[in-house]
Structures are given as structure tokens and as C-alpha cells.
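**Student:** Below: one structure in C-alpha cells.
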Amino acid sequence: MDPRTSLRHLFLVLQLVMLPAGTQGKKVVLGKAGELAELPCKASQNKSLFFSWKNSYQTKILGRHGYFWHKGASNLHSRVESKINLWDQGSFPLVIKDLEVPDSGTYICEVEDKKIEVELQVFRLTASSDTRLLLGQSLTLTLEGPSGSNPSVQWKGPGNKRKNEAKSLSLPQVGLQDSGTWTCTVSQAQQTLVFNKHILVLAFQEVSSTVYAKEGEQMNFSFPLTFGDENLSGELSWLQAKGNSSPESWITFKLNNGKVTVGKARKDLKLRMSKALPLHLTLPQALPQYAGSGNLTLNLTKGKLYQEVNLVVMRVTKSPNSLTCEVLGPTSPRLILSLKKENQSMRVSDQQKLVTVLGPEAGMWQCLLSDKGKVLLESKVKILPPVLAHAWPKLLAVVLGGITSLLLLAGFCIFSAKCWHRRRRAERTSQIKRLLSEKKTCHCSHRLQKTCSLT
């Protein structure tokens, strides 16, 4: 063996021998700030013995002498105790409540003329700000521990996302994916400590920002939130695709204790809003002039949230010589607008927003707005045959004329019947008066019946 190697090995052995005896077999206990830790002290005999707990400065913390146990004058006086029920089993643990990071250090249990050392390491997980934060804000989580400690740290976020193994975790511009429970696992000397921190990102949930509608149909706007216990005020402002150059307010509202109350709203729109979460708006009719972009603003105590929403309206118009389909409002260039007759090939728009067919054939036509084969909007219109289309006005006039003639004839018949009854009644009245004036009446039964029959 090389003499230099032998000397190196001998030097290492001497270093190990010279280490303080108290450090050998030292028990390590990990604790969380604010909770309690139990430091073990086990005697070889399963019976109650005298014992004493001290810190590394030999200050007495807690012990038993004779039949009494008492606490020392340490800074832990109000936060320490022991489990008396375990003393008969030869166990004399030191329980420290409401742990603080400065409580970290070496504690010594003296029992049976021997010293048992326990190293306590207290850690705390702190956040740079409130863990309820707005979308886009930043947050840093920091693991605090005793100076000189170098534990293994592992961070894990929602969806088991793993992060760096440093003592701090930075989350710049938090998003919806960061909302949830974050776990910090601390490992030291085969001991493990787990911290959980729940982060709530106040934001709108992910929903489609564009609503598609056919002209005249009812439209619903929904704005689900990631929270429901914040009081706020809100406003939906709208910029029409063809109209004013500046946005105008459509509706204002407030949310207090989960109840929604409407402030001001445009009367001509006849907007309806749900009285509870999620935020829900109903537009009775989607008209072409309403197509455009809107912005919903929520005012919270922590700041503002914004959500953009677009309304795309499809309109189909027909004339004697053409059929036109168009969409109004903001659309993506990748969308395809097509017009086709059933069971025939499509006629695709070159402008993405308008397609026209001249001299459309009779039958059912479809106008489609699609995105990579997925139909977003569909409108159908029926084109009548040319002969029927030209004859339809005349046929309608004939039908209306016939109905009018029947009504006039019925009125004439009713009037004639009333006149005949009136004339008949007048003749009978005149005949009775004439008979009475000539005194041709009598009291015999057959004459009386005749007179009565005349009346």
C-alpha cells in the first residue's frame, strides 16, 4: 500500500475518534412553526425514574426530582410539558408547543446517568403576499429554518408539477394553472416534513370568448369565476362592429354576499342578468347592429379583472335574383363561410364574411360558418320555384279577393234578413191596430184565439 494513502486513512480515523461523543447517535426531530414537537427520551428500564431536560447552554427546562416535577427558568417555560402517563414505561418526552424557528437547537435529556441528545429543527413556510391574488400578480413562497441547516426541499404544484429544489419558490404572473394546493416537502436525517399552501387565483374561468348567433335568436353570455365569496362591482361596455368609435356601457351591476343587483342598463337591449353566480347575461335578440366586441370589468378590493367577449351574428337575405349570407362581428381569418344547396358542393366565400349566389335554384339552402370542419353557425333558407315565386303575389291577391267577397256576401245576407223581419213585424202591428179600430173583436174562444195568433 502507498505510504501516503496509509497516512491519509489514519488521519481520517483520528478525526472520527476526536469527534464529541454527544454527537454520535443524535436524534433529529423536525417541527413546523406554530405546531408542537415531541422530543423523545427513553430509559433502558420500563419504570418511572428521575430525569432532566436541558438546552445546549445547560439551562434546565423541565425535570423530575423526588415525587415532584417542575419547570426551569428557560424561555420555554410556558410552552413545555411532558407526558406523565408514559413515565411508568420509562419514556420521558419533552413536548414543546407553539413552535418557533428560534426554538431550533440541541436538547439534552439526562436519565440513568446518561445523556441523550436530540436536535430540533423548526421550519416555517411563508408567502410574500396574500395567497388569494389576482390573475397576473406575483407570489414567492419561502422556507425558513435554522441557520446552517441544509435540508432537501422539493416543491410540487397542482397537477403534480415539480419545481426547483431551492428554499424559495417564485411564481411570477400567476395564472389559472397555479391555482390550487402547493406542497413543500422537507427532508433531513431520514425525517420528513410536509407543508401545504393553498393558492387561489382570482380570475375568470377559461371559456370561449366568442359567442355565435343567428339573426333574431336569443343569446346567452356566461362569465364563470374561480371564486364566489368576494364583493365586487362590474360593468359590461360594448363596441359595435359598425357604429360608434368608442365603447358604450350596456349594463352595470354589483355582487354582494353572492347576490347580483343591476344598476344601470340600456333599455332598448332588454338585457336580463342572473341574480346569483355564475354571472349570466341574456340578450333576447341578436341583431346585426349588436355584433362587435365587449369588455366585462370587475372591480375587487385587490384590483380589477377584465374579460373580453365577442358577438358574431349571421344574417341571410334573399331577393328574386340572389341569395346572400354574411357574418358581422370580429372573426378569425381561419374561419370559412360557405353557402350551398343541400346535397351539392359548397360555394366558399373569398372574403370570409360574405358569400352571394346569383339566380339560386329552388330548394333548401344552407349557410355555414366553420372552423377546421367544426360548424359554429348554421342557417337554412328555402328558395321557391320561379313559377311559384312569380305567381305567388297573384295567387295571394285572388285568395284575399275571394275572402273579401265572401265577407261582403255574408254581410248583405244578414242585413237583408234583418230588414225582412222588421217589415214583417210592422205589417202585423198594422193589422192588429186595424182590427181593434173596427171593433171586430169578440169574447168567444175561437175569435180570441184568432186575435191572439195575430199578436
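Note: Cβ is positioned from N, Cα and C throughout, glycine not excepted.
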**Student:** Quick one: which of Asn244, Asn295 has N-linked glycosylation site in Swiss-Prot?
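**Tutor:** Out of Asn244, Asn295, Swiss-Prot attaches the N-linked glycosylation site annotation to Asn295.
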**Student:** Regarding the disulphide bond with Cys109, report which of Cys41, Cys184 Swiss-Prot records as its partner.
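**Tutor:** Checking Swiss-Prot, the candidate bonded to Cys109 through a disulfide is Cys41.
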**Student:** According to Swiss-Prot, which candidate among Cys325, Cys413 shares a disulfide with Cys367?
**Tutor:** Cys325
**Student:** If you average per-residue pLDDT over the domain 'Ig-like C2-type 3' (315-371), what number do you get?
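**Tutor:** A mean pLDDT of 86 is what the model gives the domain 'Ig-like C2-type 3' (315-371).
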**Student:** Do you know offhand how many angstrom separate Cys109 (disulfide bond) and Asn295 (N-linked glycosylation site) by C-alpha?
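**Tutor:** For Cys109 (disulfide bond) versus Asn295 (N-linked glycosylation site), the Cα atoms are 67 Å apart.
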**Student:** Same chain only, please: residues at least 6 beyond the ends of the region 'Disordered' (145-165) with a C-beta under 8 Å from a C-beta of the stretch. Say none if there are none.
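**Tutor:** Beyond its ends, the region 'Disordered' (145-165) has Cβ neighbours at 101, 104-105, 121-124, 177-188.
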**Student:** To the nearest Å, how far is the Cα of Cys325 (disulfide bond) from the Cα of Asn343 (N-linked glycosylation site)?
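**Tutor:** Cα-Cα, rounded: 18 Å.
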**Student:** Mind giving me a neighbour count for Cys109 (disulfide bond)? Other Cβ atoms within 10 Å of its Cβ, every protein chain shown.
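**Tutor:** Around Cys109 (disulfide bond), other Cβ atoms within 10 Å: 25.
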